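Student: Sharing a structure, written as structure tokens. Questions coming.
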Amino acid sequence: MKSLVLGLLVGSAIASGPLQHVLHAPPDPEPKPEPEPQVVKDPFEELRDTFDRLRNKAGDIWDDVMDNIPNIMSNMRPLTIPAKKFTRRPDSEWTHIVRGADLEALWVDDESGYKHRKIDGKLSQYDLRIKAVDPSDLGIDKVKQYSGYLDDNANDKHLFFWFFESRNDPFGDPVVLWLNGGPGCSSLTGMFFELGPASIDENITANYNPYSWNSNSSIIFLDQPVNVGYSYSSQAVSDTVTAAKDVYALLTLFFTQFRQYSAQDFHIAGESYAGHYIPVFASEILHHNNTNINLQSVLIGNGLTDPLSQYPFYRPMACGDGGYPSVLDSQSCQSMDNALPRCLSMIKSCYDIESTFTCLPASIYCNNALIGPYQKTGRNPYDVRTNCTGNDLCYPQLNYITEYLNKPHVMRSLGVEVDSYESCNMDINRNFLFHGDWMKPYHRLVPSLLARIPVLIYAGDADFICNWLGNKAWTEALEYPGHAKFAEAPMENLTMINSQGKNEVFGEVKSHSNLTFMRIFKAGHMTPFDSPQASLEFANSWLSGEWSEV
């Protein structure tokens, strides 16, 4: 990110110079006095002045943080992430191995006779090791399954994935990449807790999920960035842009091995911090002209995408204006109101400069001032209707999942190479935060996506942490050609035939110019967990092309 920041600073210095206007001379001009000698300022001096102004601005922001949260430095921990213990499995244990170097070496002729790479991207450092998983071994689902690792051999990074074919028509149904957020939480959590083929009960037993999203699509569950879930590395990833290169490589090598899926529609879906990931990952894919990834849309659930538009809605959601009773007392609500202007000023500084020195203070101050009061109540930040129980993530089911995925038999069946599994790696969470990634304006990538593919933003309306009010606000504020018509579009009912055979309104939707927003009633942060039938209903409708305009 240093080169990006430097580019912005240099741009600021150049833009600060005076503009020259050429005017027609008036008739019969008066004699002009001799001009004063013009002092031409050294451009490097202008650049130094710009750095000084930015340094002073960053210093003021840090002073604000230290004044308001004086113990913050004592809570900071080193950014190093302990390496996981692992045992590399021999190549003979893998069903397929795809070499990125082999793919990068392929050249083809275009219609004009010019040679170009068959597949774009720097792939030579990557391999994909794939294991065919015996469906009867774990009893998760009867469909064809694959697991394995993407290896970045140049940087000692190894990303784990688990793939399930569609229960319906695997050679006709779309393929979906699912990403959990955090940052630092395993997508296997989403698989077993929300939308995958099975859940894990208190007896640490797998139970069939009739509302799995692989009912009508094939799904790749990916543990990313490295050191999340079953993934591992001696290196650390601390920002979303770096992670995008790995995801592009994995998908490219996967579709190279499984050509039967590469012609089918492909979609990226995820929740929470995937509101950061998905715009970047989709942009990385669409950046390449010669690719075997047939990206058709993206879906972001209860995401964090545009903090400047979303953070003003923490107070309304916590204080009774989001459709549920207030969680906080009037004094706490007023405190959040008082803190908001300073918070927004800090986020704007982050947006303007996009450096750690402005984005990190914004994260620290705003999260303490606007999320902290809610967390102190003991209520579930992922569902305002409940208290937080079971563990730090408020759901005891996550403990069952962790215990299941640490079983030696499970790890052996999947070809896992690490010694243990954890659902969320808080060191990674802290690393992204301390590198300023949390507050960065990744929503600015969405307009270019909308020019090529549909984008769905959905939100369970009982979530606090990435609430529906904020998600609706940022979509309505997004600057793109369809902005005005989307903002004024009315909300319409979402309906389905429920399990009792009755017509049920489960949410509301607005859509225009490839952008769609959905509010899902009576669902929290993990929408498919709270509303499994409704989630499958809107997912199937979306993947089949409803609300798409491109």
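Each residue, glycine too, has its Cβ placed from N, Cα and C.
Swiss-Prot feature annotations, pasted as is:
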type	residues	note
SIGNAL	1-18	signal peptide
REGION	20-39	region 'Disordered'
DISULFID	Cys185-Cys424	disulfide bond
CARBOHYD	Asn203	N-linked glycosylation site
CARBOHYD	Asn216	N-linked glycosylation site
ACT_SITE	Ser272	active site
CARBOHYD	Asn289	N-linked glycosylation site
DISULFID	Cys319-Cys333	disulfide bond
DISULFID	Cys343-Cys366	disulfide bond
DISULFID	Cys350-Cys359	disulfide bond
CARBOHYD	Asn387	N-linked glycosylation site
DISULFID	Cys388-Cys394	disulfide bond
ACT_SITE	Asp463	active site
CARBOHYD	Asn493	N-linked glycosylation site
CARBOHYD	Asn514	N-linked glycosylation site
ACT_SITE	His525	active site
Student: Which whole-number value in Å describes the distance between the Cα atoms of Asn514 (N-linked glycosylation site) and His525 (active site)?
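Tutor: Roughly 24 Å, rounded to the nearest whole number.
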Student: Starting from Ser272 (active site), work out which of the recorded positions listed here (Asn216, Cys333, Cys343, Cys359, Cys388, His525) have their Cα within 10 Å, and give them in sequence order.
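Tutor: Within 10 Å Cα-Cα: His525.
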Student: Inside 10 Å of the Cβ of Cys350 (disulfide bond), count up the other Cβ atoms and send me the figure.
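Tutor: Its Cβ has 26 other Cβ atoms within 10 Å.
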Student: Please work out which residue of Cys343, Cys359 has the most C-beta neighbours within 10 angstroms of its C-beta, and give that one of the disulfide-bonded residues.
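Tutor: Its Cβ has the most other Cβ atoms within 10 Å: Cys359.
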Student: Select one residue from Cys185, Cys333, Cys388, Cys394, Cys424: among these disulfide-bonded residues, choose the one with the most other Cβ atoms within 10 Å of its Cβ.
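Tutor: The residue with the densest Cβ neighbourhood is Cys185.
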Student: Taking Cα-Cα distance, which of the recorded positions Cys333, Cys350, Cys366, Asn387, Cys424, Asn493 are within 10 Å of Cys394 (disulfide bond)?
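Tutor: Passing the 10 Å Cα cut: Asn387.
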Student: Return the count of C-beta atoms lying within 10 angstroms of the C-beta of Cys366 (disulfide bond), excluding that atom itself.
Tutor: 24
Student: Can you check what DSSP calls Cys359 (disulfide bond), collapsed to helix, strand or coil?
Tutor: helix
Student: Counting only other Cβ atoms and using a 10 Å cut-off, which of the glycosylation sites Asn203, Asn514 scores lowest?
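Tutor: Each of the glycosylation sites Asn203, Asn514 was scored; lowest Cβ tally within 10 Å is Asn203.
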Student: Where does Cys333 (disulfide bond) sit in DSSP terms: helix, strand, or coil?
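Tutor: The residue in question, Cys333 (disulfide bond), is helix (DSSP, three-state).
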Student: If I take the alpha carbons of Cys185 (disulfide bond) and Asn216 (N-linked glycosylation site), what is the distance between them in whole Å?
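Tutor: The separation of the Cα atoms works out to 25 Å.
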Student: Quick check for the class: what is the C-alpha distance, in angstrom and rounded, between Cys333 (disulfide bond) and Cys366 (disulfide bond)?
Tutor: 14
Student: What kind of secondary structure is Cys185 (disulfide bond) part of, going by DSSP in three states?
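Tutor: In the DSSP reduction, Cys185 (disulfide bond) maps to strand.
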Student: Looking only at C-alpha atoms, tell me how far Asp463 (active site) is from Cys366 (disulfide bond), rounded to the nearest Å.
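Tutor: Each residue's Cα considered, Asp463 (active site) and Cys366 (disulfide bond) end up 18 Å apart.
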Student: What Cα-Cα separation, expressed in whole Å, is found between Cys388 (disulfide bond) and His525 (active site)?
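Tutor: One finds 13 Å between the Cα atoms of these residues.
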